[in-house]
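Undergrad: Below are the structure tokens for one structure; questions will follow.
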Amino acid sequence: MNGHMSNRSSGYGVYPSQLNGYGSSPPYSQMDREHSSRTSAKALYEQRKNYARDSVSSVSDVSQYRVEHLTTFVLDRKDAMITVEDGIRKLKLLDAKGKVWTQDMILQVDDRAVSLIDLESKNELENFPLNTISHCQAVVHACSYDSILALVCKEPTQSKPDLHLFQCDEVKANLISEDIESAISDSKGGKQKRRPEALRMIAKADPGIPPPPRAPAPVPPGTVTQVDVRSRVAAWSAWAADQGDFEKPRQYHEQEETPEMMAARIDRDVQILNHILDDIEFFITKLQKAAEAFSELSKRKKSKKSKRKGPGEGVLTLRAKPPPPDEFVDCFQKFKHGFNLLAKLKSHIQNPSASDLVHFLFTPLNMVVQATGGPELASSVLSPLLTKDTVDFLNYTATAEERKLWMSLGDSWVKVRAEWPKEQFIPPYVPRFRNGWEPPMLNFMGAPTEQDMYQLAESVANAEHQRKQDSKRLSTEHSNVSDYPPADGYAYSSSMYHRGPHADHGEAAMPFKSTPNHQVDRNYDAVKTQPKKYAKSKYDFVARNSSELSVMKDDVLEILDDRRQWWKVRNASGDSGFVPNNILDIMRTPESGVGRADPPYTHTIQKQRTEYGLRSADTPSAPSPPPTPAPVPVPLPPSVPAPVSVPKVPANVTRQNSSSSDSGGSIVRDSQRYKQLPVDRRKSQMEEVQDELFQRLTIGRSAAQRKFHVPRQNVPVINITYDSSPEEVKTWLQSKGFNPVTVNSLGVLNGAQLFSLNKDELRSVCPEGARVFNQITVQKAALEDSNGSSELQEIMRRRQEKISAAASDSGVESFDEGSSH
């Protein structure tokens, strides 16, 4: 949803009801909990399955469901809020404006009350005694939230009841509603107890997860799959830039850059900038929501006389929590990266211009700095450093007040790389976006550039840590393993990049000094040659940790790894993870061109199968990164990666049209056979990295010997006019990359209606109103350019007809008079 999603897994060792809503027994003793944690996954599965078959006396009184709190309304006639339907209608309006902020929590039902529990701390947030719940209702398929549980509660101290709305995904709202209603009925003293039967019905209705496979879950790939081999070679920039060797091939590359290449680079940078602005806006909204909740909580505490927690204060307390420090750090890094991109794009973007966006960014930057209590946290964010162009651009653009804020953030925001000690390790910045988007890979080759080299350094810097993890995994591979993946994921490192000046340079350089002995047991070349396989999900599966993937019934999934009982698959959104193979049906491979394309970074450069360690007088060894530079290798002709389509122009920041050549060209493919490694010998992870470094360097060196052209991609352009239908408007909005809220809100208008809206009206309808207005302005200008010449010709034709008619009436053709007009 649009709230902060917790990755904390309920697991089988705690309360089984936390996953699929089955009843759990009262809290165990310490000894019981320790014994339960040691119980095998298969036994726990059998225990869960037996809940539905047990006698009435064995059904527990406590059930728990993971839900998302959507909002709470006060039922007041003055606000036209009387029924649940009124609340759903207002929820739709908030959702259309992007103002619904969800909060994950556990809803617990027992024989006395309905409680809301914090997922992380397990503290009770709210407690609604059953006698205070006046109405319980399930609302399905009413809006984008398709399974809503509505609770109307009124405590004796309240003058008006509250309407609480929850989204229920894991267990549907109608089942939870039946559980609550049966508990309310039983609490009123009915002769026949309804709740045991209701819990039994829930257990039968919820499919749960399939029986566990007998074999252990497959060991997930480590860093090699998180950051592919191609992107890992990017770490070269960190050392080559220090040695002054990076700028030479880059300068030559820029001289050889064609208009098509330049357009692709600009479009890529603009897309990255747009996603940075979106993430910053989302974070600011999150801060504002927390501030609003804190303000409301403070008002309630001041107005009430007793210290007893009032209704709704528990949820408010949870919503008033500020984001964790890591999210603040990520936001500061995106500010710095955004400034760098604006400096690069200052002569390529308009409406708004780069200068306007700089002023725009300083306002939320000031808010975030104040929210952290001062510039201390921001000044500790070292990576990414601002470039010299960025510093010059900010000095020229920033106002006095903005410059004061900028300078207060310290050296990490002011000094460029050349001003830092050469031995100071500056961790490369790898942007991570909230929606999982990754920048598209450019469809041409050239010398390594900063954009191409983000992700490698992260992988290489963590290579030593990965080697230790792999060794640890191998030592325990044949020991007793759970039939399910562990609740906290697999044994690979998901640690983020190092930041700040605290990173030890010696540790950072250590992966370059030693080659791990462990060899990676994965043949990626063989995998790449196999046709893609697809499977359809037979029913829903809910992921319990970050390594698994939640799927819905009838989802079509691409099979990435089917060598074990748990298969690694990728869904239509590009998310990948592990699911049990017994919930999947193998499908016939779709026809060519059907199905989704690979994510941009899943394409890897073809590996040169050269034997690393080849030494000769005319082929010196490839340079290894710091501390000691090495001779430059003789260029080897590289293979050409698969072309990737040029990304479309982003929606919210437009760029000036640059002239480009339509002449087709061809990539000169140089081929050469290399010595291959023995088949029975697999390269270690570090050897693969070094091979890719060697190959990437040869790509940059051989650029001077080759001139190539990239053929212009024929991308269909979607435009709208005043005569466009609502369907055409909707297609145009989707082609510009607007989110579903914007598409659904504006997709009902025709072209004339859409063009008639101003910026304020668009902002009131959808959160991306300003971006839509910019695109509409571009469309209007294009229409004026295309229609201007035809309108002029029409005017001249009518004028000539009048002149001809007047001349024929007088018997004289007055050409001079006509020309004077």
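Quick reminder: no glycine exception, Cβ is built from N, Cα and C everywhere.
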Undergrad: For the set SER621, SER663, SER814, say which residue Swiss-Prot annotates with phosphoserine.
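TA: Candidates were SER621, SER663, SER814; Swiss-Prot attaches phosphoserine to SER814.
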Undergrad: Which residue among SER25, SER624 does Swiss-Prot mark as phosphoserine?
TA: SER624
Undergrad: In Swiss-Prot, which of the ranges 89-94, 101-106, 761-766 has the region 'Helix bundle 3' annotation?
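TA: Checking Swiss-Prot against the ranges 89-94, 101-106, 761-766, the region 'Helix bundle 3' one is 761-766.
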Undergrad: Annotation phosphothreonine in Swiss-Prot: match it to one of THR132, THR317, THR399, THR721, please.
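TA: That would be THR317, per the phosphothreonine annotation in Swiss-Prot.
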Undergrad: Using Swiss-Prot as the reference, determine which range in 204-224, 372-392 is annotated region 'Disordered'.
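TA: Checked against Swiss-Prot: region 'Disordered' maps to 204-224.
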Undergrad: Can you dig out which of the ranges 45-65, 717-737 Swiss-Prot describes as region 'Helix bundle 1'?
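TA: In Swiss-Prot, residues 717-737 carry the label region 'Helix bundle 1'.
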Undergrad: Other than its close neighbours in sequence, what residues sit by the region 'Helix bundle 1' (717-737), given a CB gap under 8 Å and a spacing of at least six beyond its ends?
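TA: Distant contacts of the region 'Helix bundle 1' (717-737): 648, 650-651, 743, 746-752, 754-755, 772, 775, 779, 782-783.
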Undergrad: When you scan the chain for residues with a C-beta under 8 Å from the region 'Helix bundle 2' (751-756), skipping those not six or more beyond its ends, what do you find?
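TA: Contacts of the region 'Helix bundle 2' (751-756) (Cβ under 8 Å, skipping residues fewer than 6 from its ends): 720-725, 728-729, 776, 779-780.
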Undergrad: May I ask you to report the DSSP-based helix, strand or coil state of THR317 (phosphothreonine)?
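TA: Reduced to three states, the DSSP call for THR317 (phosphothreonine) is helix.
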Undergrad: If you draw a 10 Å sphere on the Cβ of THR317 (phosphothreonine), how many other Cβ atoms land inside?
TA: 17
Undergrad: How many helix, strand and coil residues does the region 'Helix bundle 3' (761-766) contain under DSSP?
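TA: Final tally across the stretch: 5 helix, 0 strand, 1 coil.
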Undergrad: Report the mean pLDDT of the predicted model across the region 'Effector region' (648-821), rounded to a whole number.
TA: 65
